[in-house]
Every structure is written in C-alpha cells, then in structure tokens.
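The following features are taken from TrEMBL:
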TRANSMEM  12-30  transmembrane segment
TRANSMEM  51-71  transmembrane segment
TRANSMEM  77-94  transmembrane segment
TRANSMEM  101-120  transmembrane segment
TRANSMEM  174-194  transmembrane segment
TRANSMEM  231-254  transmembrane segment
TRANSMEM  266-283  transmembrane segment
TRANSMEM  295-318  transmembrane segment
TRANSMEM  344-365  transmembrane segment
TRANSMEM  411-429  transmembrane segment
Amino acid sequence: MKGIRRNSPVFQNFIMGCMLFCLPGIYVAITGLGAGGRKSTSQVTSSDANTILYGMFTLFGWLGGSILNIFRPKITAVFGAIGYPLYIGGLWYYDRTEHPWFVLFAGAMLGMTAGCLWTTTGYVSYVYPQEKEKGTKVHCDSVHASFFGLNSGSLCAFGGNVHETSTKGVSDGVYITFIVIMCCAILIGGIFIVDPRKVVRDDGTHIAIFKKEKPGKELMEMLKVFVDKRILLLTPAIFCGEMASALVSSINSYYFNLRTRCLNNAIYQIIQIIIPFVLSFFLDTKFVKHRRTRGYLGIAFIGTITLCSCAGLTAFIVENGLNKHTSPKARGNDWSDPGFAKAFVIYLFWGMVYSGYQIVVEWVLAALTNDPAVLARYSGLFKGKGSLGIMVSFLLDSRTVPYIWQLTLQFVLYTIGIIGMVVVTKLYIPDTNYFSEESVVVPHQVEEMAKLGGMVTEEQINHEFEKERRAAQLAEGHDIEITPA
C-alpha cells in the first residue's frame, strides 16, 4: 500500500478541501442560518456588507491568477484565509450591537482575501489532476471536503435549534466555535501546501515546467484573458454561477423561522455532496470516448435541473406572494405549517443548481488547457466574474427588488450561459491537450497509450522526457533556461 505523499496531487487537493472546510464551508453555513439577523436592519446591512464583499472579491479574483503566479499557492492561500474569521466576528459584533461599521469593513477585507483563496483552490483543482480525472478530482477532492464542512456546521446548528420556533439569530456558542475552526485553516495552509514545482504524480512525473514571470508581463497576460473569445462566450455562465445562493438564502431568512431555516440549510448542503458524484459520472465516464460528448451530457443534465428549479421557484413566489418591498416583515413559517413540503423540495433543487452549475462551468474552463499559468488566470477570472454576479444579486436584494424580478434575471442568465457552454464545448474542447503545450509534462500512461496508438512520434516522446528532466531540476531549486523544442 502506498504511503501518503505530501507532494501528491491528491493530497494537495485534500489540503485545499480542508481549508474550504474551515473557511467558506463554515461561512456559508452560518450565513445560511441568518447570522447577524437579530436586528430590524439586519436584512439591509447584511446585503450591503455582501455587496462590498463581493465587489472586492471581484477585483481580487481578477487579480488572483497573477498574484498566484507570482507568489505561488502557499502564500496566496494563507493570505486568503485571514478574512473569514474577521468577517464572522463582524457579523457577531453587529448581531449584538447593531453597529454596522465593523461588518462592512470586514466584508471588504474578506473580499480581498477570499478572491485569493478561491483562486488558489481553483488552480489546484484545474492543474494537478490528469485530464481523465478533472470531473472527479477537480470537484470531489476539494468541493466535497468543503461541503462536508458546510454540513458539519449546518447539522450542528440544526441540532441546537430544532425546538426553536422563533426567528432569533445565531447563538454566541455557534459564533465562537466557527471562528476557532476558521483560524485552523491558516495553520493547515502554512504547514501542508507545497510549491507546485514539487508536486509529483503517482507515476513519478511532475505537473509542468513552472516559469517565472515578471509582474508587468503577468498582468498583461491577465488582460489578454479578458478578451479571449472563449472566455467571453462563457461569461454569462460564470457571472450567474453563484447567484442562486443570495436569492434562496434571502427567501429562506424571509419566509421561515429559525429551526426551519436550519433544516433547509442542512438539506441545501447535503444535496451538494451528492450532485458532484452524479456530474463526475457524466464528465469522466469511461463509457463515452470523446470528451466533448461527455461535456454535452454534463451540460444537459445540470441545464435541465436549473431551468426546472427556476420554474418551481417562480410558482412558489407567485403562489405565496413573496415580496419584501410590499411586505417587509419576516413570515416566520415553520415546517409544521401546510405547504412546507413544496418549499422543501424547491430548496433542495436549488442546492443542486448552486453546486452543479458551477462544477460544469469549471470543467469546461479546465478542459480548455493544461497550462498552469493560464489555468491560474482562468481560475481568478472565474472567481472574479462569479463574485460580480453574486454582488449584483445581493445589491438587488438589499434594495428590496421583488423576488420574481431577481429570479427572472437569473433565469435569463442561466439560459444564455447554457448556450455559451455548449458552443465552447463544441468549438474549443479537443479530446486532449497533451503534447500540444510546451510547459506541460505528459503523464507516462498517456505517453504509452499515444505511442501504441501511433499518435505521437519518437521525437515527441524524447521531448517529453526532456521536459520532465527540466521540471525535476526546477523542483530541486535549480533555475534553468527554458527554450522551446
């Protein structure tokens, strides 16, 4: 039995998953419970804080790829961990004093740091797995670890509030526990994340030749990504990927009491453990030879769920007259009230949308290239544009735009996004990117299969051997001049 290697791709994905457990996992759990929600101004203050947060997240997401390429994953991820406990402390302070300044400041800080954390997470997920694993490793190693964290927090809070039928907020004990867990992430990242040059696959090959870029050139390369036609086609899908979280969280807080919010939140997270397994079957299945066809299957699956969820929530909003603008007082409905089952199922489906839609978009992005530097920029761009979308969603909610109009906007974006993913998959995703990118080291198994199939020459195989030699030298700290073959 092979021992656990600190520098293996699987272990590095696991470490990022542990950080997600401690940071955004707990963050989403506590905000889903209505943290900072005891005061009369809570809805507006929370939405304003989130607007600031995601505005900064957008900026630092866009810059995150360049920051990561310059400073490497460890520094970027550790910096990214700092803002989370600070923000939860801000919510706690506001919950007890109704003074909004701290939570607004903490929101700005979290936006800066979270952009870096999520860029690092995407980078590790996109770069370290082999092509055949990207639907599984990319999301099951990191996303599942994150959502186990979400569920730990959600289920603990649900257990503590199962008999609470009022609309009160989160207890001091929950705040303290979650802040301590978040602080552990800084230690985890600082101790266990390794330089990508030292990451080695199980077959003994390195990931790539990691070149050093000057900051000015790196920023110029980042700007080129913004006008890449493939990225432009994917922009609507990226933009709306996280918008579901703001809308359904607001409806959950507005329509239900505390214990029902806790139950809904727990189920919302649990379904996000299940859906990536289903999607990984479509995206990585060995029964479908062509990668493009697997992409179509994944897009069709999550696209159907997304559009059906929009239809169901539309009916629920209209049937129950949900409108914070005309009726701002929280409803406080309980799971024992008539009609809860319908709302419960709709909430469950939106958990699928929140997780699954992003997974498919990221798979399409990661399938465009294996180049680590390019994927770092893609990861930052994905997080930045996604944050811009959820910032808009929180802004609309803070201005009490009717839920039905918020949902209409999301429906339009989801539909355009699905079309964009289909077009990019058809035109720009090949069966493999191996042997076509100068910096990427091809895994030995892929080399052997390509050689047996007559798809590569002996010269190409020798060139791959030379690239692995260069990558190994860089891993040992020997700077070498990289020249094209």
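Note that the numbers count up from 1, one per residue, in the order the chain is shown.
From the backbone N, Cα and C atoms, a Cβ is placed for every residue, glycine too.
If you look at the transmembrane segment (411-429) against the transmembrane segment (295-318), you find at least three C-beta pairs under 8 angstroms, all six or more positions apart, and that counts as contact. For the transmembrane segment (101-120), the partner stretch with the most Cβ pairs below 8 Å, chosen from 12-30, 77-94, 174-194, 266-283, is 77-94.
Beyond the transmembrane segment (174-194), the same-chain residues lying 6 or more positions past its ends with a Cβ under 8 Å from any Cβ of the stretch are 6-7, 11-12, 15-16, 18-19, 21-23, 26-27, 29-30, 33, 35, 73-74, 77-78, 81-82, 84-85, 88-89, 91-92, 95, 153, 156-157, 160. Counted as Cβ pairs under 8 Å, contacts with the transmembrane segment (266-283) are highest for 295-318 among 12-30, 51-71, 295-318.
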